[in-house]
Every structure is written in C-alpha cells, then in structure tokens.
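These features come from TrEMBL:
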{"type": "BINDING", "residues": "A4, G5, P6, G7, S8, G9, K10, T11", "note": "ATP binding site"}
{"type": "DOMAIN", "residues": "1-309", "note": "domain 'UvrD-like helicase ATP-binding'"}
Amino acid sequence: MIVAGPGSGKTTVLVLRALRHMLVDRIAPERIVITTFTKKAAREIRSRLIEWGEAIVDQATAMQHLDAADQAILRHLDVNRVVTGTLDSICQEALGSDRHADEPPLVTLEAFAANVILQRRGRLGQVFTANQAEMADFLAPFTFDGTPPSTVGEASRALVPIVERFIQDRVNVDAFGAASQPYAHQLIAGIAADYRRYLRENNLLDFSSLEEAILNRLQARRVPTLLADTAVVLVDEYQDTNALQEAIYFELVLATGASFTVVGDDDQSLYRFRGATIELFRAFVERCQNRLGIAPQGPLYLVENYRSTPEIVDFFNAFVREDPNFAPARIQPPKPVIRANAAASQMPVLAMFRPDAPTLANDLTGFLSDVFRGGGYRDPNGRYPDLLRRAAEGGDLGDAVLLGFSVLEMQRPFRGNPPKPRFAHHLRNALMGSGMSMFNPRGRSLRDIEQVEQLLGLAILAIDPPSRHGGHLFDLMTITNEAKFFMHRWVAAGRALLAAAPAPIYGRTLQQEVGEWNRFVLGGPNPNPKWSSRDWPFLDVLYGLVPWVPHFEEDPEGQVYLEAISRAAGQAAGFSAYSGKIVRPVDPIADEDHGRRSILAILRDVIAPIAENVIDVDEEIMPSVPRDRLNVMTIHQAKGLEYPLVIVDVGADFTMDAPKNRFRRFPDAPSATAQIEDALAPFTPELGPLRTARSGLDRSFEDLIRLFYVAFSRPQSVLMLVGCEKLRGWKSNIKHVATGWRQDQSWAWKDQTSYVGRRAPPIVSPPSIHFI
Ligand SMILES: Nc1ncnc2c1ncn2[C@@H]1O[C@H](COP(=O)(O)OP(=O)(O)OP(=O)(O)O)[C@@H](O)[C@H]1O
C-alpha cells in the first residue's frame, strides 16, 4: 500500500512496477492487471506503459552482451497486452470473454438506458403518479437542488443513485423495504426489484450489476478467462473504491493468488456519489489482514512532488491544511507533507477576479491570447520577472485547461426562469471573437445544439413524416410535454434545412434521402434495391443524413455529439422493442402495425430521451483533445492528469450569496449524496456506521475541499484562479471553500492582517496569490 499526495509519482510507480514484472520477473503482460478510475486516466497509464516499455526494450536490445534467449523474449514482449482500464471496463471485457456456449450474451447498459428502463419497466412512472406525495417528499433531499421532483423524469434521476447503491453498498434491501418502514421505502424497494428482474430476464446489466456479476463468479471460483491467470493486480486511485469493488479486488487476489498493490491519496477521493468510501482506504491494512489473511507492506509514503513548481505545492499544501475540521477526515497517522522537488520558479499563483462573468471571459481571453498566440504575458507591475509564454516547441492552447465544479454553459432553468449563460458560455464567445476556440462537448445539452436539432429534426421527418392532417406519430404518444416541445423544435430546424436545399452529396439531394426513408416507412413501392431487407437500424437513418450536417464530421465537438447520439441509438438494440430498427410494412394489412410500432419505439427510446435531456455527453468519448483548443473539464475528470497551465474556476458565476448554489461552494445542508448515505446507513450494516461517524454536513465540506485540492494540484507550471470580484470583498458574504473559507465561517484570505484602528481595504489580497 502506497499513500502519497499529488504528483508524487504514485501512478509512475505502478507503471514502473508493471514494467519490472515484465522485464525482470518475466511475467507475461497479459497476467498483469492495472486499474484506475476514469477512462482518461486509463489511457494515460497505457500510453506511459507503451512509451516507457518501448524505450527500455529498444535500449536493452541494442546492448551487446544480451544473450539470444533474452533478445528473443524482449523482441516478443507485447506491452499492449497488459490488462489496463477502469474496473468496469475490465469487468465488461472479462464477462464477454467468459460466456459458455449455452449462455446468452449480456449487454451492459449506459446510465441513460438504465434510467429509461427504471422509468418504464420498474413501473416508476405508474408508482410515482399514484403516490406522488410520498415519493416526492422522500426523494426531495436527493435531487439536484433539494426540491421535490415533480415529473417522472426528475424522480428517476433522484432514484437511480439509490437503486445503484442498493448493490454497490450491499444494502439490506429487504430491511429497507420492510412493512414497518415509511411507505416510500416499500415503493422504492418494489421499483428496484421490478427493475432488477427486468434486467435479469433480458440479460441486461447496469454498472452495479455488472460488478456484482463478476463478484459472484469470482466467489464461485469461476474466474473469467481474461483474469484467470492473473499474477499481478495494481490499483491506482484506490481511495475511490466502493465496497463492491473492494470485494472484487480481494476475491480476485484470493482466487488467483496474485500480488496486490494499491496506491492512493485520501485527500483526493472525489467519487462519493458513486459509492466511493474513503474509510475502506483508510483501513486498508486491517481489511486486507481480515480478508486475505496477509498483512500488507505499508503504508509506504512518497514525499516529493515532481509535477508542480514549489509555489504551487506550497499553495495546495496550505489549502488542504487550512480547515481544522477537515483534519479528522484525513488518513491516520497523517501522511508526510508533500514537498516540491524543483527549484523555485519565481512564478506565483495567479488569480483573475472581475466584476462579472463577461468581463472575466474577455480578460482571460486576452491573457490566453498573449500567452499562446502573442509574444507572452508579463506582469505589468513587474512583480515577477518571467515572461509567461507557450512552450517554444509545439506549445499551444491545448496546454491549458479550465477546470470547474461544472462545465455547463447555461444555468439550469430554475423556477421557470429562462436559462442564463454561465462563464464558460461567455468564454466560448470571447475566444471565438479572438480566433481561438474551446473544447467543451459537455457544456451544452445535446438537445440545444443547433446541428443536433437539424439532424434529429431530419431523422424525425424521415421516419415520422407528417400525416395528411399535418400531425406526427409522436404527437399522439404518451411522452412528456417537454419531449414533444423539443421534438417540434427539431422538426422545424430539419424543415428549414430541407427548405434551404443544400448541395447534393454524391449526386443525391437531402430531399431524396428523406423521401426514400419516407417511402420505406410508408411501405410505398420499392425504389431502392437495398430495401430488400425488411428492417433497417435507425442508426442507418442517422448516418444517411449526417453528410448534410458537416459539423458532425468536421468539428471535434460535433464528433462527440454524433457519438453520443449513435450510442443512444445503439443502446436501443439492447432494450427497445424492435431492437432499434424500423420495420418496413411490406404487406399493408399484416405488417402495418409492426412498421408503426417500430417507429414509436425509436421515438420513445432514442429520440425522446435526448429531448428530455437524460442522455449525457460523456467526456470520455473523445480519446484526445485537439491541441489548438482550450480544454474545459470538470475537476472530477481531471483527477490523475496534469497540464502546464491550469485555470480553476473558483466562482466566476457567483455574484451573490444565492442559496441554490451554496452546495457548490459552502454548503448549509448535507449534499444529496451525503443524505443518501444517511438514509441508507441503517440498512447498510458494514458501511453505514463507518460513514456516519462524521455528520452529513462535515462530509459535504470534505468533498468540496478534496475537489479543489485536486484542481489546485493539477498544474505543472502555472496555477490561475478565476472568479467574481465580489468573492474578494472584505465584507464578502459569498463564502467559498475554494477561496479559503473554513467551515466555522472564518476566512483564511482575510485573517492574515489585523486592521485595528485602520480602515480595512475594500478587497482582500492573500499574500500567496498575485491578482492580475
Ligand atoms: N521519480 C521521479 N522523477 C522524476 N519525475 C517523476 C518521478 N516520479 C514521477 N515523476 C513525474 O511527476 C509527475 C507526477 O507523477 P504521477 O502522475 O505518477 O503522480 P501521482 O502521485 O500519481 O499524482 P496524482 O496523485 O496527482 O494522480 C509525472 O509527470 C511523472 O512523470
């Protein structure tokens, strides 16, 4: 067990250890398993493994005295065969590799599909409508902003994490749903049971049942082929392991006798909302002893930071030790303080605070333009000598990243107010105005993207053309008004594009393309030889239309959107009637119903979920970010990564002390996740008492401190905070953990100086930060 702060080489140790096992111990690469927490981090590990592995092999094979046998081993070594990924992706692959001939294939569902199934097959829709008061009351604390859900969609969003936790946390669901409990408990246990049954009967898995399935096999000693021969298990980011995952690791080690190495940092645990339980990491040595009967070596400590400048290391060290109330949440005994390896850089931690988001966006754009497009940025007051400038070789905007709690470019509509643009939106526009651009595919909802509107509008017109009376099939469906509203908007966008008669592609016009699908779905005469097939995947309709919306092929964000839509359409194959295909009504009498119903299924299971905004654009879709764009990412996604210049949004949009955004900066009530933990604790014999040892509010503060600690420790050369000027006001009442507020309402940024008898300055200026 290795425990150490950020940038100290934990991941590096794992990669080197894997290489040592291959090169020195001669363990075959496919017998080594390395897991981490995000797909981005997994890709990072794989690329380091290959890059360093190849370099070592090249050097070694060039050596004269190497004997022929060693030469041969090195030449045939395929580092690519090391099993790397997130635990979920490895479980998925393992299960796929392990199917008996008589077993049906298991399909893993994306979160949105699980959501749709919960609503429809878990009877959530019916139960919610019939028991709205009980359900809304019970679910209110678990919603995004604590308001009772008023639609089935909102209820399902609040319910999904609870249903997942039933498995992840190994909750005693019978006790939870027992008759003596509140009626809502019984209802929810019932919905969860129906949902699970549906998944089982249809050979579907969500992520928690996927992990459970692997655990069951390991326990039954039916180790999946992919893992059967495992000799080494290396786990990065172990602090974010949940109880189910811990059980998988222990069981895998017991079943295979593999060696087991975990690395982590208690201060960087960010995934409580996915069941991560820091207490498992803190008690790792003891838990290992109990479960494996072996006392692990460790905790071993790494103490030097190889990533960041000393100024940055000092800054995040001070930050994480600022609040005394956080100390008890950290690992005991405390790990040594991390210290910088490099010499002082003379570049202080920078901050840009401005009166409002548009001004901030403009000024930050100016700064980025100086650094990446111009001659560099120099402090006008000469406080530090160096010119801040892109790397001489290949430096570009992609060396910078903007990290925030959220990357949304529009505020969520609140109490019927129209959505307001957030900082990231202003920044997108400001960058564009200066000939730069950003990469933030998650910043906007799919349903609001102009090109998505066009594509889906065309797709609806293709498969659900208006009838003679002008209406569409979807008008008559029982889907939410929200969905219908957006679908009508898309149809208008699709019509407009059709009317503009864009240029033909390979001699084919858009009108022809749409017209042919119309004939297909209406069962008209058969003009297209490929229609000898009775049914066509809806994906083909989409891909047929894409060439007329070139954004999807030409723009990196467009590629991500298309991938997200395609996945939604592809997932339908797993759970939708007609498997995501449209059926051609060849024989009008016998077939008409299938044709029509297949279209309804697409509208309901693919199109409506996008219109209801339940399909998230996954940041992980895009393997690499274009080098010439400013990358915008949530802090969660940045875990384990590093960038030369990191800009952290510490409240660009917080112009006042609005209660609804307190949970993002200075909670006055336990977060939704902490409340779920509290509600389930009595039925979670093992984890419940561990977690509730600290109050829900304490845990919510902890999570924010860890979040910003991770953000502040990502940069290599420059850390820059951006925020709203009001956060700096001497009398600021906009409290934010990231700007030095402690849970006891005292303020580190302000406490340094005493102004007895003198007038306090209008704004605070902590000495460790240079405001520009
Ligand atoms: N011994 C070393 N000498 C020089 N550079 C190192 C050494 N160990 C790690 N590094 C470099 O330091 C940086 C941080 O290392 P790494 O990502 O392994 O740290 P980490 O502890 O996993 O960080 P985090 O906790 O933030 O994920 C990397 O760029 C890595 O190449």
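Positions of Cβ are set from backbone N, Cα and C atoms, glycine also.
Computed from a predicted structure; not experimentally measured.
The number of other Cβ atoms within 10 Å of the Cβ belonging to G5 (ATP binding site), over all protein chains shown, comes to 26. Under the three-state DSSP scheme, K10 (ATP binding site) falls in the helix class. Within the model, the domain 'UvrD-like helicase ATP-binding' (1-309) carries an average pLDDT of 91. Around the Cβ of K10 (ATP binding site), the same chain contributes I2, A4, D236, V263, G264, D265, L302, each under 8 angstroms and 6 or more positions distant in sequence. Ligand 1 lies under 6 Å from the Cβ of the following binding-site residues, listed in sequence order from G5, G7, G9, K10, T11: G7, G9, K10, T11.
The Cβ of T11 (ATP binding site) lies under 8 Å from the Cβ of T36, A41, E44, I45, R48, D236, V263, G640, each of which sits 6+ residues away along the same chain. Ranking the binding-site residues P6, G7, G9 by how many other Cβ atoms lie within 10 angstroms of each Cβ puts G9 at the bottom. Applying an 8 A CB threshold to same-chain residues 6+ apart, the list for S8 (ATP binding site) reads L302, V303, E304, N305, Y306, I338.
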